[in-house]
Amino acid sequence: MAPVGVEKKLLLGPNGPAVAAAGDLTSEEEEGQSLWSSILSEVSTRAGSKLPSGKNILVFGEDGSGKTTLMTKLQGAEHGKKGRGLEYLYLSVHDEDRDDHTRCNVWILDGDLYHKGLLKFAVSAESLPETLVIFVADMSRPWTVMESLQKWASVLREHIDKMKIPPEKMRELERKFVKDFQDYMEPEEGCQGSPQRRGPLTSGSDEENVALPLGDNVLTHNLGIPVLVVCTKCDAVSVLEKEHDYRDEHLDFIQSHLRRFCLQYGAALIYTSVKEEKNLDLLYKYIVHKTYGFHFTTPALVVEKDAVFIPAGWDNEKKIAILHENFTTVKPEDAYEDFIVKPPVRKLVHDKELAAEDEQVFLMKQQSLLAKQPATPTRASESPARGPSGSPRTQGRGGPASVPSSFPGTSVKKPDPNIKNNAASEGVLASFFNSLLSKKTGSPGSPGAGGVQSTAKKSGQKTVLSNVQEELDRMTRKPDSMVTNSSTENEA
């Protein structure tokens, strides 16, 4: 209690209030200074951590691989216009924590090697450290993937060599890239997926930061800059399975070769599909992570065959060997083009465009064709054996020979118009058929009846075979002889 009483006396003494006021003033000044220092430090930190400008993305790929469509989709535009030579666009990058914006330059090289000289306008020796390279491969044509990647990688290597970067600077870029590759760490579970600026890494001990040695086929082609292999049109995997009989073995074989290529260049691998909007957001986050250092919390994805994602530094030969366990008809060391064979080209038959022929030329051709043809006979000369009614005559059987005559030597006389031929012929026919009917009803079982029937059939056949018009002509020409012949037949 004594110390408390002494403290009270000191505070209430003649100089006590003054001492207390001075002490309070000193504490307020210290608080004000600390507040100003914190504000200044925050401002300086924000100024120092502002998103850098001048970052570049260099895109390579074949014509029709979808590289322009892919980058246009990442830009947020609905439709992009295909350029020629060297295309340019930009990606908008936003830091949500510090409300900062910047633009990332995107350069897309034409698929024709003729335009590779334009790379000097996109990337220089000064801007190379701030550049990210994207190799685009078309998965709808997997037989072209490896050849395309090798071609564009050699084009980039040739361009870097032409820059004549000092060896010390180039070795520094390569060492930094190797360190970034080795420092890859698996994202922790439960981390938020929003892109945030990367802070300083905290580690418990130096043993955890020891970099593992690189494998035999890892970073054998170190370009000194980050590389990303993007496979587009991965929605075509189902089409490959239906039309080209691709199986899981084919897809695993393709993936194994792609991952080996990525190991050689220290590249990341991602399968995308603009049509199905698959892995596009993941691609954007990984680009800003590698370019601006944003936090990235997505682990490797190898389960779905059309949505593979392998970040740089995660893969190795042992993980790739897991794919080889499913190989039955192919070996891991087999050449890519020996197993992934280009299908035969189906020739499309196009309808030829027909040009209208000149009218006069057409008529001249028709005239020449008609002149070459033999003269066609007229109707009268075409059917000389036909009668006026058009029915053919029986060959080898003349009109007069078909009817027996009592006067074979008599000549044919002209008919007399005064005689009624029709009435006489009708009377003869009526008497003839009446005699047949009377004989048939009188003795149906007698042999004579059968003979009469056969005779009637024969005469009927003769009547059918003979020409009607010829019979009429004969009857009009020889009325007398016809009446005599008819009576003779009745008596028989």
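Quick reminder: no glycine exception, Cβ is built from N, Cα and C everywhere.
Copied over from Swiss-Prot:
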type     : residues                                               : note
BINDING  : GLY61, GLU62, ASP63, GLY64, SER65, GLY66, LYS67, THR68 : ATP binding site
COMPBIAS : 371-381                                                : compositional bias 'Polar residues'
COMPBIAS : 452-469                                                : compositional bias 'Polar residues'
COMPBIAS : 482-492                                                : compositional bias 'Polar residues'
MOD_RES  : SER194                                                 : phosphoserine
MOD_RES  : SER383                                                 : phosphoserine
MOD_RES  : SER391                                                 : phosphoserine
MOD_RES  : THR441                                                 : phosphothreonine
MOD_RES  : SER443                                                 : phosphoserine
MOD_RES  : SER446                                                 : phosphoserine
REGION   : 187-206                                                : region 'Disordered'
REGION   : 371-423                                                : region 'Disordered'
REGION   : 437-492                                                : region 'Disordered'
For GLY66 (ATP binding site), list the number of other Cβ atoms lying within 10 Å of its Cβ atom.
-> 24
Would you say which of the binding-site residues GLU62, ASP63 has the most Cβ atoms within 10 Å of its own Cβ?
-> GLU62
Residues with Cβ closer than 8 Å to the Cβ of LYS67 (ATP binding site), same chain and 6+ apart in sequence?
-> VAL59, PHE60, GLY61, ILE108, ILE134, VAL136, THR232
Work through the binding-site residues one by one (SER65, THR68) and point out the residue whose CB has the fewest other CB atoms within 10 angstroms.
-> THR68
Using the centroid of the Cβ atoms of GLY61, GLU62, ASP63, GLY64, SER65, GLY66, LYS67, THR68 as reference, list every other same-chain residue with Cβ within 8 Å of it (recorded ATP site), in sequence order.
-> GLY111, VAL136, ASP138, THR232
Are there residues of the same chain, six or more positions away from GLY64 (ATP binding site), whose CB falls under 8 angstroms from its CB, and which are they?
-> GLY111, ASP138
Cβ neighbour count (within 10 Å, all chains shown) around GLY61 (ATP binding site) = 24
